[in-house]
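Student: Below is the structure I would like to discuss, written out as structure tokens.
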Amino acid sequence: LLLALLGVLFSHGHAMSQEEKRKFRNQVVEMFDHAYQNYMDHAYPADELMPLTCRGRVRGLEPSRGDVDDALGKFSLTLIDTLDTLVLLNKTTEFEAAVRKVLSDVRLDNDIVVSVFETNIRVLGGLLGGHSMALMLKERGEHMQWYQDELLNMAKDLGLRLLPAFNTSSGLPYPRVNLKHGVWGPESRTGTETDTCTACAGTIILEFAALSRYTGDPVFETQAHARRAMDFLWEKRQRNSNLVGTTINIHSGEWVRRDSGVGAGIDSYYEYLLKAYILLGDDMFLQRFNIHYASIMKYISQPPLLLDVHIHKPLLPARTWMDSLLAFFPGLQVLKGDIRPAIETHEMLYQVTKKHNFLPEAFTTDFRVHWAQHPLRPEFAESTYFLYKATGDPYYLEAGRTILDNLNRFARVPCGFAAMKDVRTGSHEDRMDSFFLAEMFKYLFLLFADDEDLLFDVEEYVFTTEAHFLPLSLSTAPHSSSITLNKTSHEELDDSNFDWTCPNTRLLFPDPAFPRNLREPIRSAVDKSCPRPAPYREPGMGRPPLRAQDFMANNPEHLELLRRMGVSLIHLKDGRVQLVQHPSQAVSTVAAEDGVRFMQEMMELSSQQQKEQLPPRAIQIVSHPFFGRVVLTAGPAQFGTDLSKSSTGVRGFVTVAEPYSGCSEITNAEYVQGHIALLQRGQCMFAEKARHIQKAGAIGGVVIDDNEGSSSDTAPLFQMAGDGRSTDDITLPLLFLFHKEGNILLEALKEYREVEVLLSDKARDRGVDVQHEAEEDCTTEATTPTSFDPVGQSQTSTLELEEMAPEEAAPSPEEVSLAAKDASTAVDVSPQKEGPRPADGGRSNAEKDSEKGEEPESDTRSGGQSVDELLADWREDLEAFQQMEKDEL
């Protein structure tokens, strides 16, 4: 199946020379060494490296990141995840040493609750990938001659520790398990969950089947576990659309989230259906995949876009943005043999990458930033590799070079590679996930490597979703005859739609210019995407309905119009005005539609406040040994120099002001003069601090939070306000750092004494002084939803409008959030932190930390929802009203 994909196709562009390919292949190895060696030097045996602070991340010792930390089990995660990468990169000596470390140091019986999904794909998959590489090397007779299946024995031990999670009536696993105590019981501290994501339950079969076939123990693969979970998900698909939802109740099998796409929450379920057929040779998996794939291409694929829809109403979009995890899908389409849409979607992703340097965690249909983070995800590199293997087009080598350049320019720091907190400013997060070593460098090395550079033939292996190698020979390995193949009934199948073989790309593209012709219009569409489309307005007849911009809460006529539209107004005790819509209480379906539109417009007006907020700023350490590679997210001030209007920013050496509070005349003015002063938050107004350091001759200031442990990872962006009087006299820039980021700057000053920083609106190129500015209009605007989970279909929606009282400072931007209240759905216009990020491979999670003095965010299960998701839901309601009216007629 894989070999059939390898047609040869060349574009009219210049092919990359062998010397250039070799240079980039060697660069991949050097970058891997930089990341891996820093993990081993500064983090091992911790699970992950924290590249900004040069230490290991140990769960429980660092501030909680919510569900993200469920991947950490105190089992040296990064080392295990990296084992087979070492072999691929010809580092056999390092691999042998790493295996010995795993066997001597790693414990799998820790009393800790971990994600079943993450532990399966990263740790179990890593042990199995390491085992397959150890067997290969041992057979070659050069290394690992001492190896006696020790990694496989550890894999079986871990598999047995995951099995209690499957003890549910449906067969879908609990999302978390205690490695020592299982699921149930007071010691386990888990087992109360009711929901899991589709990918979490459907991304088990490859690792568990491989474990069964390697060990001869059928318990992992049988109907009772991995296959049973896959069967249950198939049975619960929506039978009309043949799509699955994002989140499912593990006990009842009811869909909790009915939106369907190919990104976060579902992605690797589809991947494992096709790859289970490849690895295990069971036609049932291919049949199911083909049925799902036909529906994806019918409802979700809108080339080059892939947009979520509702499983019961698949013609209605569920959102107007895409998440970065869908970047794996063109690679899966290559395995399927459907090359044209793979080329189109990949080109769209490539252009978004070039626009923002990395794929933002989510981006809108007009290619703007939706969630600004980028945790060094490998999915785009994965699809780039597969498309190059399928077409031989050197265009994809150039895409790979872009990935390498951006990683080195923007993510590389002295202690490894740091995730991007905000692709718009170039600021960093103290995070380097294990999948960066497990996947990114695999795909990039394979992209630039020739066959003679590899110790083994990768075509003899299937890649798991974490890019671990499982040999195709497992398809013929002995396995229990007790495994019952739950064949899909013939009544459900249309054999004419099945593709049992993959077409050769030589036949697909007889014209070598064809792929380029596909890419050109997509490139043009992304390049011209800055202007927003005009807001949606339905043509009306007769008297126009009440518009949000005209609404006055004290106008009796307006209140009567609201009543007719099913919208009621409530004055809350704290001064806010709450609008509640009940479509069923409207006087007619037309009035109900007007009510939906009115609420939509009110949301749009509220969201305009976000655009008035100042965006985050960047503090970049440019002196030795950092050379611009460390970028800290900083909050802006509503006074002083506007850094967005400065092409160069403000650059200078930092010094600590005395007094540190900056609340009285500066006593070390001779040191502050011509420098950027460091100040501590508290005791007086920010504007007062700025005036004191300006009088002392400072060229800028940085205020560091006095709240120990605060971090931009977990708190809303802090925006410093004035003191209630004119601040026109303040002419220097003042920025705010939370305690964690401020400590990075203070520790650098303590160690190197002379530390030079650049205060700017966004980071400049690492290691150089000047960077060509990106197109401002396309890179600075963003929406940041406070929750990833949309609300289920509700018959009621509530809008609360809240005015922020003048305070010393305010989080920014103001955002729209959603929280369930009894029978209604409540929308607050209130200060919020930046939205949560879906983690890798269907990893959707919410980090629920709040700023001191702020209202805590609602849990995602209460139904948090972004503006775009609300609008999509309301458009669905409009469609439903129109259909209801037709039905009545």
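Using the three backbone atoms N, Cα and C, a Cβ is placed for every residue, glycine included.
Checked TrEMBL, it gives:
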- E118: active site, proton donor (ACT_SITE)
- D267: active site (ACT_SITE)
- E361: active site, proton donor (ACT_SITE)
- E379: active site (ACT_SITE)
- T465: Ca(2+) binding site (BINDING)
- 807-820: compositional bias 'Low complexity' (COMPBIAS)
- 845-860: compositional bias 'Basic and acidic residues' (COMPBIAS)
- 872-889: compositional bias 'Basic and acidic residues' (COMPBIAS)
- 654-745: domain 'PA' (DOMAIN)
- 767-889: region 'Disordered' (REGION)
- 1-15: signal peptide (SIGNAL)
Student: Taking the Cβ of E118 (active site, proton donor) as the centre, how many other Cβ atoms fall within a 10 Å radius?
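Tutor: The Cβ of E118 (active site, proton donor) has 28 Cβ neighbours within 10 Å.
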Student: Give me the Cα-Cα distance between D267 (active site) and E361 (active site, proton donor), rounded to a whole Å.
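Tutor: Given the Cα positions, D267 (active site) is 15 Å from E361 (active site, proton donor).
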Student: Across the whole of the domain 'PA' (654-745), what does the mean pLDDT come to? Round it, please.
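Tutor: Mean pLDDT for the domain 'PA' (654-745): 90.
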Student: Among the active-site residues D267, E379, which residue has the fewest other Cβ atoms within 10 Å of its own Cβ?
Tutor: E379
Student: In the domain 'PA' (654-745), how many residues does DSSP call helix, how many strand, and how many coil?
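Tutor: The counts are 21 helix, 20 strand, 51 coil.
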Student: Return only the integer: C-alpha distance in Å from E118 (active site, proton donor) to the residue listed as 'Ca(2+) binding site'.
Tutor: 11
Student: What's the CA to CA span in angstrom from T465 (Ca(2+) binding site) over to E379 (active site)?
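Tutor: Cα-Cα, rounded: 10 Å.
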Student: Taking every protein chain in this structure into account, which of the recorded positions E361, T465 has the most other Cβ atoms within 10 Å of its Cβ?
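Tutor: Top count of Cβ atoms within 10 Å goes to T465.
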Student: In Å, rounded, how far does the Cα of E379 (active site) sit from the Cα of E361 (active site, proton donor)?
Tutor: 12
